[in-house]
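Remarks on the structure that follows.
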Amino acid sequence: MKLLIATNNDKKVREFHRILEPYGVECVSLKEAGIRQEIEETGTTFEENSRIKAQTICDLTGLPAVADDSGLSVDCLDGAPGVYSARYAGENATDDENVDKLLAALQDVPDEGRTARFVSVITIVFPDGRSFHTRGECVGQIAHQRIGYNGFGYDPIFQVGEGRSFASIPPEEKDAMSHRGKALRLFVEELKKYL
């Protein structure tokens, strides 16, 4: 089965592919489909933004479209950066700029106050109007400095064990515990009901 993934983020597409390939799902990115569409994320929840992206691409192509909206919610910051994770340090901010801003915001926060969770909401919209979404979360804490060189986004500072971040563990291990991995496995199970 082929799924059109409503994102321009190549790293996210690779993660989708890695997680869904064992289920026989082929992921096609917007770039691979020749679609150049920027989608404004105007929602205030992960669910709303995920739905906006999937609906926009479904309407544009007439094909079922799958979208992910994800982010990092830090407890002591009342859930920030949350849905603004990709632009926490400003519009068009780099991953490093976002990480630097978050580390600065938590500079004086002790270990026990650095709890956080990654959230991922996966939505599919079909041309006939049917849709569903799944949600996955992974709880961890924010490290005091970057750990590891893999991954993207906030992976280098999202600690999932003593001295281990999403950026320091093998991708397969990350996929087994990550927010996106959890949401995508739930997605595959739910998708079977629609086929």
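Using N, Cα and C of the backbone, Cβ positions are placed for all residues, glycine too.
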Inset, instruction - Could you look at Ser70, Ser73 and say which one TrEMBL places alongside Thr7, Asn8, Asn9, Asp10, Lys11, Lys12, Phe152, Gly153, Tyr154, Asp155, Lys174, His179, Arg180 in the substrate site? - result: Ser70
Inset, instruction - Could you check the binding-site residues Thr7, Asn9, Ser70 and say which one's CB has the most other CB atoms within 10 Å? - result: Ser70
Inset, instruction - Taking only the Cα atoms, work out how far Ser70 (substrate binding site) lies from Glu40 (Mg(2+) binding site), in Å, as a whole number. - result: 15
Inset, instruction - Let me know the DSSP-derived helix, strand or coil state of Thr7 (substrate binding site), please. - result: coil
Inset, instruction - Mind telling me which of the binding-site residues Lys11, His179 has the densest Cβ neighbourhood, counting other Cβ atoms within 10 Å? - result: His179
